[in-house]
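**Student:** This structure is in structure tokens; I'll ask about it shortly.
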Amino acid sequence: MKQQIVQNVGELPTYGFGPRSGPWWGAMSFMALEGMGFAIAVGAYLYLYAVNPTWPIGASPPDLWPGSVETTLYLLSIIPNQYTNRVARRHNLRKVRVCLIIMSLIGIVLLVLRGFEFAHLNTRWDNSAYGSVVWLILSLHTTHLATDLGDTIVLTVLMFTSHAKPRRFSDVTDNVFYWNFVVLAWLPLYILLDWVPRL
Amino acid sequence: MDPHALQSADILRTFVVFLVVAAIVWIAVVVVLAAGLLRRPSPSQHALALDPPFENRAGQVVLGLGIATIIIVLALSVVSYAGQRSVFAKDPNALTLKITGHQWWWEVLYEADSPHLSFVTANEIRIPIEQPVRVQLESADVIHSFWVPSLTGKMDLITGQQNEIQFTAKTAGIYRGQCAEFCGLQHAHMAFSVIALPQDEFRRWREHENQSAGSPVDPLAKQGEDLFRARGCALCHTVRGTLAGGQLGPDLTHIGSRTTIAAGTLPLNSATLGAWLADPQHIKPGNLMPQMPLQSDELIAIHHYLEQLK
Amino acid sequence: MTLVTQHKELRDDVLDGLQLSTRLDRIWRTPSGLIGALTSVDHKVIGRRYILTAFVFLFLGGALALLMRVQLAGAEKHVLSADLYNQVFTMHGSTMMFLFAVPVMEAFAVYLVPLMVGTRNIAFPRLNAFSYWMFLFGGCFLWISFIFNVGPDVGWFAYVPLSNLQFTPSKRADVWAQMITFTEVAALAVAVEIVVTVFKLRAPGMTLDRIPIFVWSMLVTSFLVMFAMPSIMIASTSLILDRLVNTHFFDPAAGGHVLLWQHLFWFFGHPEVYIIFLPATGMASMILATFARRPVIGYPVIVLSLIATGFLSFGLWVHHMFVTGLPQLGAALFTANSMLIAVPSGLQIFCWLATLWDGRPVYRTPLLFVLGFIVVFVIGGLSGVMVASVPIDTQVHDTYFVVAHFHYVLIGGAVFPLIGAVYYWFPKISGRMLSERLGRWNFWLAFVGFNVAFFPMHFLGLMGMPRRVYTYIPDMGWDRLNLLSSCGAALFAVSFILLIANVVVSARRGALAGDNPWDASTLEWATTSPPPSYNFDRIPAVDHRDPLWSDTESIRVVAGLSAERREVLLTSLAEADPQVREASPEPSIWPLLTALATTVFFIGSIFTPWAVLWGTPPMAVALIGWFWPTGSREDEE
């Protein structure tokens, strides 16, 4: 068939930020399905909560401090995270490097805090259905925290190598985006795990 | 579906309404499809040479049919709910039975206000006609489902939960029931029978069934009773009125009067009972009753003992 | 490196014809040989493999079905033992649902969607390769376990407590649960790829109302996958945890609940039916338009119906649990909701009937299968309305009536259009036509065989025959209808043998297809058959829903993409305006390595919880290898 060129797209950029880029939509899709995973886990928790006359079962509620400290840190981390977003969009390599290091450190601290949170749940996964579902939900979120931390660290290293090409700034903003999801997913879980047993 | 109870008759009525509607819809679809295919096509050549008034009309027809579908579906929902209400209606004056599902047999408890009028039997349920029967359902292991098609629909026996179902038999007869939820190896051989009796006959049966087993009179049966205990049968089976009090297997107090054996696997007669005692694993592989190491004369004695437990 | 970036990049606007296609082929071609096969990220290569593998599982699952039909052909037969039968029916259901029906629809999407939207590769091609390997390894894991007598025997639904450690102490239930994890990972990956491909990789000008209906159906399906499958993954994970590390999700003695399993399972399990059915309706719409020689009537109605079906499908799961003792009024609401889903399905059927009414049907094999689909599927849909009613369901639930019902829906509603799709798109995929004569035999045998096999099951169910029984006693009077059904199954099986024969023979000796053998209207027919590695030498620009019908002389294209490295054109979500020329990944071995590492992790973790610890580092290494830039062409600016 004869071709008829109606437009030349040669001047378009080779990467974009946010909804203009493919990976952003990929991240968005994964957040959607992972968010659904959290929702289902929360649903399972509430179901067990509804069918059991006592809650928590055979345990006292989790100690409040690890979760609360985490929550505070999560909320505060949004500030450097958004700043990372801004400097990445401005292609400021030096500042992006600093920001990524800070975000990696925050992730490591949160991971350590998460260890304390497990230790202070006051139940084990094999104690009762309550213990099982609490451990499941916390592990599910920890997996996200750990994966995002791994991603951030790899990206940090990448930005110090010759691969720190302009398109990597788009990857940095996607990483920022995903971190916001990790924070956002945590907030309902914090209320669920730390406060619902106290109702 | 061969209804012999209020509930199964209600279900059948609902089913027939749905069936008629479904048949009409299907025939209409096929007729329209055939007519559309047989229609002389317009001579238009190009795929995109469409006739806007026709397209509009077609769109309206499609939407009209969509609305008709909504109306039919809502009407059927109402019919369904009406059927549901009558099938699940509760009568507080019902005769209460408690059935516990086991892999792969049914334990039946006839409850009465005083404990000495309550008794346990297995795999065979006798009920009076013209009287509501409430069956409480529980499971001792995995999920089973209680289903007697001629009487009513099914209800699951769920671990850690008590369910309930009610039905009122209209005609006397023997109705077969079967487990309807996959429950493992011998799910296929987990049946039971419901024997609906006229009310006075039921009362007589109940009085008889409530009694313990009498002491055997003839020597062979006496020997069988001793062997029943000595050879380990009594570890799993109860025969009320004797020292046999095992809880793992079906109660055998009146086994001789039942119609089937091995949870509806075989009709009960002398031959099948003998075959079952000799090698239960051959008849129903995987069931919990082991093949007992019995001499043939011991087998004969136990066989005779069980047969006279009427 | 710097040298290359400095010179002016060669673009497809300065090249033409053979010069352009040679250059494009050099950059997009999958390397030959074993390495090429293991590293390929071409959606067509992977799509072909995916389709082929799914069909192999169809034939395996079908062989199991025949075994069951032989066993049930008479009362108290001993062809299969109870133990083997229980494995066989579990394997049949699991294989058909998880290894055939869902993957085959996604497989067709992997092959067709990028072509239909006019792009050069699927979004996230490496994820696509990974998805295929996970699917393959998961399927092989299940079947190898079966061969070694560790095949699951707890039903494709694996209800607790039967599937917990106490009642299934062997590894059989673990195999089932982990196979779920494999296939769900694979399915979720494809769903994400399809969503992003449809959102961002559409040809310029392909606005939302110009998207081919099959693509719409796959978009909706992908969302269903994304929102339904997490539920089964949580469920299967909880089951494994209960079995492996002594958690108590489903243990009533420690506060767990056995119905929680059923809720989680069916919250996935019901949308699953539409995950299988919606793509098939998309295929039917495409085939119908081509062979009725006019666009399908009611495009917006069909698209909205697909979306409505998607939403409604999440509100029906409880109708699988009507006999578990739920509150009556709640159950009645699910009845109404379940019946309402008949409305969007009905609307689609009305649109097709109207299209045929006005069209000038050309009776080729693909159309025959679509007509058969309409006749058969309507029966399944209507019996579905019946089982949605609580009182009727209490009687027919878990009987052969339901077996008949869902085979009418799944075979009638999905396999018929799918076989039609094989006949329809085989020329595009292979470059050759399937034999029309064999095709007709294939159709009529399938149609007659299917109905003879499954229609009697309605009666068997009404006569009281429960599902999942390895045998039945002679007094029941079920033997004759069962024998009839088994004969039908044999006939149905023959139709599939004809299909295989047709494919094998035609792949070598079929008539050459040419670009557009059916004179169809969508973009996949605008390129050669089979399509070149780069799909289109210039990206098409669309200004009509049926671009190949609106202009039969020429095709509008855009120019300016690189002719030196893999590049795809990203367009805006709604209007499909060109936005970005994005690099597309080169072939890579890392998806395969990641899949292998994940396989070790998954299989290890049914034997020891420590596999989670020692299984993670290899996965992390593989993932870093996957995402680490190679410094080659894709990384340059």
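Every residue, even glycine, has its Cβ placed from backbone N, Cα and C.
Below are the features listed in TrEMBL for this protein:
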DOMAIN    C:22-543  domain 'Cytochrome oxidase subunit I profile'
TRANSMEM  C:50-75  transmembrane segment
TRANSMEM  C:95-117  transmembrane segment
TRANSMEM  C:129-148  transmembrane segment
TRANSMEM  C:175-201  transmembrane segment
TRANSMEM  C:213-241  transmembrane segment
TRANSMEM  C:273-292  transmembrane segment
TRANSMEM  C:299-319  transmembrane segment
TRANSMEM  C:331-355  transmembrane segment
TRANSMEM  C:367-392  transmembrane segment
TRANSMEM  C:438-463  transmembrane segment
TRANSMEM  C:483-505  transmembrane segment
TRANSMEM  C:589-613  transmembrane segment
**Student:** Quick check for me: are there 3+ Cβ pairs below 8 Å between the transmembrane segment (C:175-201) and the transmembrane segment (C:589-613), leaving out pairs under 6 residues apart?
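**Tutor:** In this chain the transmembrane segment (C:175-201) contacts the transmembrane segment (C:589-613) - 3 or more Cβ pairs sit under 8 Å.
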**Student:** For the transmembrane segment (C:331-355), which partner among C:213-241, C:273-292, C:367-392 gives the most CB pairs under 8 Å?
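**Tutor:** Top-ranked stretch among C:213-241, C:273-292, C:367-392: C:367-392.
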**Student:** Can you tell me which recorded stretch out of C:129-148, C:213-241, C:273-292, C:299-319, C:483-505 has the most Cβ pairs within less than 8 Å of the transmembrane segment (C:50-75)?
**Tutor:** C:483-505
**Student:** Where among C:129-148, C:213-241, C:273-292, C:299-319 do we find the most Cβ pairs under 8 Å to the transmembrane segment (C:95-117)?
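**Tutor:** Stretch with maximum Cβ contacts: C:213-241.
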**Student:** Near the transmembrane segment (C:273-292), which residues from the same chain, at least 6 beyond its ends, have a CB less than 8 A from one of its CBs?
**Tutor:** 97, 101-102, 105, 108-109, 212-218, 220-221, 224-225, 228, 302, 306, 309-310, 313, 345, 348, 351-352, 355-356, 358-364, 366-367, 369-370, 373-374, 406, 409-410, 413-418, 420-421, 424, 518-522, 546
